[in-house]
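The block underneath contains the structure these notes are about, expressed in structure tokens.
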Amino acid sequence: MEAPAQKAGQGGLPKADAQGASGAREKRPEEPRPLEEDRAGSRPTQKGDLRGAAGGRTTPPGGGSRGCSLGVSPGPGTRHSAGTRPLVREPCGPTSSQNPELVIPEGLQAREGPCRSPARGGDCSRNSCLAWHRGAPAGETPPVCDPCPERIQNHPRTQLCEVHTDCWPCQPGTGAPTCPRTPKPTSRGRNPLVEQPRACACGEAFAWRALRIPQERLQATEEPRPCARCGKRFRPNQQQQAGKSPPVCPECGQTSRPRPIVPDPPAQRLYACDECGKAFTRTSSLLQHQRIHTGERPYECAECGKAFVRCSGLYRHQKTHSAERHRRGPVLARRAFRLGCPPCGDYSERSPRRGSGAGEKPYECADCAKAFGLFSHLVEHRRVHTGEKPYACPECGKAFNQRSNLSRHQRTHSSAKPYACPLCEKAFKGRSGLVQHQRAHTGERPYGCSECGKTFRGCSELRQHERLHSGEKPYICRDCGKAFVRNCSLVRHLRTHTGERPYACGDCGRAFSQRSNLNEHRKRHGGRAAP
């Protein structure tokens, strides 16, 4: 180590300084000199530094080259910031053995080539790397200069991360600039220092650390955000870090980016029905629902007199009539037709739907040639031929081909009968049963047979009667193959195979498979027929 010391003395350093540096190495070989000792004497002032930069050199006003507190000789890229710990950047070429003022920490050897440091976790071959190992806090990585990959030591208390823009690599032993990205000096004769903003945990950059701290505190108070796949919650600083991709959820393996927390919608006011307790968000929906309990049907068809609870039901019903009854001109199919609401007298212009105008039935069944005005009606009808019953009752397992039939069947499992007759106080589980019962009081029979002219109170009774003329028997026994017109006839027939006798006499206890047989038996006892 004597040859480098003599070389440093010949290069322009005063002997006193060289001897002082040698004495410092003997007393404290592992610790650098305090920064306060070099602020007045050994470190060049900012004014002298600017004058040196203007001339392309960094020599202090005294003339000779002097080293800084870390023992690194000032070079073309060395610069000190006023009021803070000096930023040391060594050129890219010289190795640690060419700087006699640099105190090598224990565990590192002054040699040519790369060195291994466990504190940094990699190879280093430059004096700036050794300076960092010497004075950097444990576990902290030196910052990177923007134009070149040199590491520059930065004091931890420095609020601004100042980065040299005039940094260039140089050849070993020379000071000639060779980096093509070196900016030109400014008009004042110095190269500017760029403020490198600090990145917060959320990715937002702040130039001053004082602005970054309130942002970190604000993020610490935010609610955890759940993962979109597994629901596990993460804090914002765990979800998105500066310059890094979002973390991977350990439960589902998916990345979860921060999402804005959407507030819950305000609670809606509900209007409940006094009869059944069903709630609605609008009063108009509640009024329409109450007509089911009261039996009110204000919308009546002008052709057949059939009434409906809603105006939409009347509109769908009017399309079932023939086109001749609704046709009011030769160009009605190409123009809008007038739909009238008799209760309120409102008439609105509406255009017939494509393929389903007034009286038109474009959808025809391929099996029985029955036509329908809507495609959804054809789909429901096709289940009659295919035997598909996708709607099953969760109570008894009975399946149906339509959802409406399942809804009516589910009422049979409950004992509630909300539909009561105002004349005889007889109650029913469904609205259709109440309507057919009221026709028994009025004597109304709106459904007539086209073959024999017989009238019926309900549409289902008319369909069952028409099967007598057509000979259709859709209900077949699986045990013996016998067919029936009505489903109730098939149910009574199945009791002959199962032996079920649900109707028992209250006097003698004799049971029967049909209610009619029980009534005949009770007449022998002189009693009334079974209810």
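Just so it is clear, glycine is given a Cβ too, placed from its N, Cα and C backbone atoms.
What you are looking at is a predicted structure, and each value in this text was computed from that prediction instead of being measured.
The annotation region 'Disordered' is assigned in Swiss-Prot to 1-101.
Annotation comment: Swiss-Prot describes 24-50 as compositional bias 'Basic and acidic residues'.
Among residues of the same chain six or more beyond the zinc finger (271-293), those with a C-beta under 8 A of the stretch's C-beta atoms are 309-310, 416, 418-419, 431. What Swiss-Prot records for 271-293 (among others) is zinc finger.
Feature annotation from Swiss-Prot assigns zinc finger to 299-321 (among others).
The zinc finger annotation in Swiss-Prot covers 363-385 (among others). Per-class residue totals from DSSP over the zinc finger (363-385), listed helix then strand then coil: 11 helix, 4 strand, 8 coil.
What Swiss-Prot lists as zinc finger is 391-413 (among others). Within the chain carrying the zinc finger (391-413), a Cβ under 8 angstroms from the stretch's Cβ atoms is held by residues 380, 383-384, 429-430, 432, all 6 or more beyond its ends.
For the zinc finger (419-441), the model gives a mean pLDDT of 87. The feature zinc finger is assigned by Swiss-Prot to 419-441 (among others), with sequence analysis given as support.
Only residues 6 or more beyond the boundaries of the zinc finger (447-469), in the same chain, are considered here, and those with a CB under 8 A from a CB of the stretch are 432, 436, 439-440, 485-486. According to Swiss-Prot, the zinc finger annotation covers 447-469 (among others).
As annotated by Swiss-Prot, zinc finger applies to 475-497 (among others), with the evidence given as sequence analysis.
Annotation comment: Swiss-Prot describes 503-525 (among others) as zinc finger, evidence class sequence analysis.
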Quiz prompt | Intrachain residues whose Cβ lies under 8 Å of the zinc finger (475-497), provided they are six or more past its termini | solution = 464, 467-468, 513-514
Quiz prompt | the zinc finger (447-469): DSSP-derived helix, strand, coil residue counts | solution = 11 helix, 4 strand, 8 coil
